[in-house]
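See below for the structure under consideration.
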Amino acid sequence: MNVALHELGGGGSMVEYKRAKLRDEESPEITVEGRATRDSLEVGFQKRTRQLFGSHTQLELVLAGLILVLAALLLGCLVALWVHRDPAHSTCVTEACIRVAGKILESLDRGVSPCQDFYQFSCGGWIRRNPLPNGRSRWNTFNSLWDQNQAILKHLLENTTFNSSSEAERKTRSFYLSCLQSERIEKLGAKPLRDLIDKIGGWNITGPWDEDSFMDVLKAVAGTYRATPFFTVYVSADSKSSNSNIIQVDQSGLFLPSRDYYLNRTANEKVLTAYLDYMVELGVLLGGQPTSTREQMQQVLELEIQLANITVPQDQRRDEEKIYHKMSISELQALAPAVDWLEFLSFLLSPLELGDSEPVVVYGTEYLQQVSELINRTEPSILNNYLIWNLVQKTTSSLDQRFETAQEKLLETLYGTKKSCTPRWQTCISNTDDALGFALGSLFVKATFDRQSKEIAEGMINEIRSAFEETLGDLVWMDEKTRLAAKEKADAIYDMIGFPDFILEPKELDDVYDGYEVSEDSFFQNMLNLYNFSAKVMADQLRKPPSRDQWSMTPQTVNAYYLPTKNEIVFPAGILQAPFYAHNHPKALNFGGIGVVMGHELTHAFDDQGREYDKEGNLRPWWQNESLTAFQNHTACMEEQYSQYQVNGERLNGLQTLGENIADNGGLKAAYNAYKAWLRKHGEEQPLPAVGLTNHQLFFVGFAQVWCSVRTPESSHEGLVTDPHSPARFRVLGTLSNSRDFLRHFGCPVGSPMNPGQLCEVW
């Protein structure tokens, strides 16, 4: 799918919180588990005073009264001193604590009971104060933080004193500046793409074309310019032999976010109409005649609908053992003869020499077989139009404003966005991140990243890993052999924090982008050079073993991931910031924020897909049958639970989101257990002022407020049919309604919405 069609971010502000009085019910002084409270001290003092009074003279009573007053003053001083010294009975009044307390209070909705709807309780205030910005289909913590990171990068790249010893960093600035040259881009108009189409052999929609050029056009579009018509080809670690890279082929070729948009035509009629109008408008902008262009684009759309029909839904592709098929190129040729695979792959991976025996991993043999049949029965003119349309999709974001305006109309229908107000610089930062993300990351890390954060994050990961492994020991459904192997896998998980080391070594960084030519004069040509360069990088990887230095996210990215073939978890510098993490925030918030993210990624090693990989990152069956059956029974509970949730009357797909739901639930539990272990070692923290929450409760509020989010109905629908994650609301409600710790600390009775009675637990 075109990069520009991915979700757009935005900005907003927090709401001033009108304080509600929850303190009587949940004051840290009263609800702390098992400790003496201020009330109990007062009761004890009153009992002692009664014993002092009896039948005595007036003088004795006066003296006794004076003694009692003095004793009371002395005891008050002692109590005050004790409270001051004991952090569990004092309040944190540092500037950081006051600021974060204010933000938490602004986000809360105290008009809602936490046992009724914890998401609304935690995020209601935030939602009221954060309407969707224009041009955005969703707005959340991740978008806000990415906006902040982009502003930092803008400052770094536009600094007039910019001076770097790294050629890669200089290329990054040149690329960014070329993207900002709106006047030149407008002056060139559609000419750069029209010239490229003519160079490839023409397009039936805009002029003459070579009728015998299917393979040549396929090689150019999918090879030189890295579009993905019909299928996608890439080089990556072999899932069953993770120490080596291998050619991999998978299904692809749809422009809209999901096959559902093509096949459920009644529900998506507006989207399909808007998509066809978009196709026609771009065809006309490139020189086509309106009537002829509409007729031919309708044929291309019908071809995409046929592709959607044979595309396997994501929820049916979760078992990689079943969809992984290793074969030779000659076997692939027999499976899908419409493409000359040796010719195509040899071109794609030039200058490597490939033979018929070269191994290839195919994900979805049935799809490739059917797509081959579809190619063979489709008219050459339609095939040509479809191939060039894929090239057009790939490149129009580098053209003038007319193409962007056409896309905005499609985005409004598809995602519910209004006219975009995204400034050009922000678009250019995103493009630069896509093209030279690690060179950009070098600038970002040197300007912003605190090395101490990396050390603290390392410590947190180890604490969360230990907590997860303790949970393994408590599982009654897992046999000892599988349990031991699971613990070994958890021990072997490799963590990467902040950034790969090579980005701070100028020569190593320059080597990564060696061969990529960048000019400040032509943004379009820079993008073409990037596609060609990425194809060469892919070819270079095939004969090399996978490297841990190859990250799948840039350092400035606000996200994290687990990679099963390396058995590694990665946390870029971009996410190691508030509200996920801050060194001067309470540990309850850090464990509830970045700690849950860490636990989430670690648990992915043991979700329904990650569990298929062993500690070395190889896809193989290492579970005993009885434990596997028990695991599947537990995950079935979670699948059914999430399938009951609805957004705007539309149900979640509990199977599609299963892996992420397992990770959310397991990550929360591991992070909370790690927080409890930290408290046992270091003692209670000072509570935040005014929030009226124990630190245990604060952990869960911190977790929930990370997911405060607003979204258009159209974007919500898109998420339900494409996203492996549950919607933000149910990432909170689903996870916490399965947490015994949450239910205990908030006292939610069985039968309340947050405590339906049946808990689904996997890890």
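In case you wondered, yes, glycine gets a Cβ from its N, Cα and C as well.
In Swiss-Prot, the feature phosphoserine is assigned, of Ser27, Ser113, Ser726, to Ser27; the remaining candidates carry no such note in the record.
When Glu639, Glu640, Glu650, Glu660 are compared with the Zn(2+) site residues His600, His604 in Swiss-Prot, the one appearing in that site is Glu660. The disulfide partner of Cys708, as annotated in Swiss-Prot and taken from the candidates Cys92, Cys97, Cys115, Cys123, is Cys123. When you check Swiss-Prot, the disulphide partner of Cys179 from the set Cys428, Cys637, Cys748 turns out to be Cys428. A helical conformation is recorded for Asn309 (N-linked glycosylation site) in the three-state DSSP classification.
The sparsest Cβ neighbourhood within 10 Å, among the listed glycosylation sites (Asn159, Asn163, Asn309), is found at Asn163. DSSP classifies Asn163 (N-linked glycosylation site) as coil under the three-state reduction.
Here the glycosylation sites are Asn204, Asn376, Asn532, and the one whose Cβ sees the fewest other Cβ atoms within 10 Å is Asn376. Non-local neighbourhood of Glu601 (active site): Ala560, Tyr561, Tyr562, Ile569, Val570, Phe571, Ala663, Gly667, each in the same chain, at least six residues away, with C-beta under 8 Å from its C-beta. Fewest Cβ neighbours within 10 Å among the glycosylation sites Asn264, Asn633: this applies to Asn633. Counting Cβ atoms from all protein chains shown, Asp664 (active site, proton donor) has 29 others lying within 10 Å of its own Cβ. A distance of 12 Å separates the Cα atom of Asn625 (N-linked glycosylation site) from that of Asn633 (N-linked glycosylation site).
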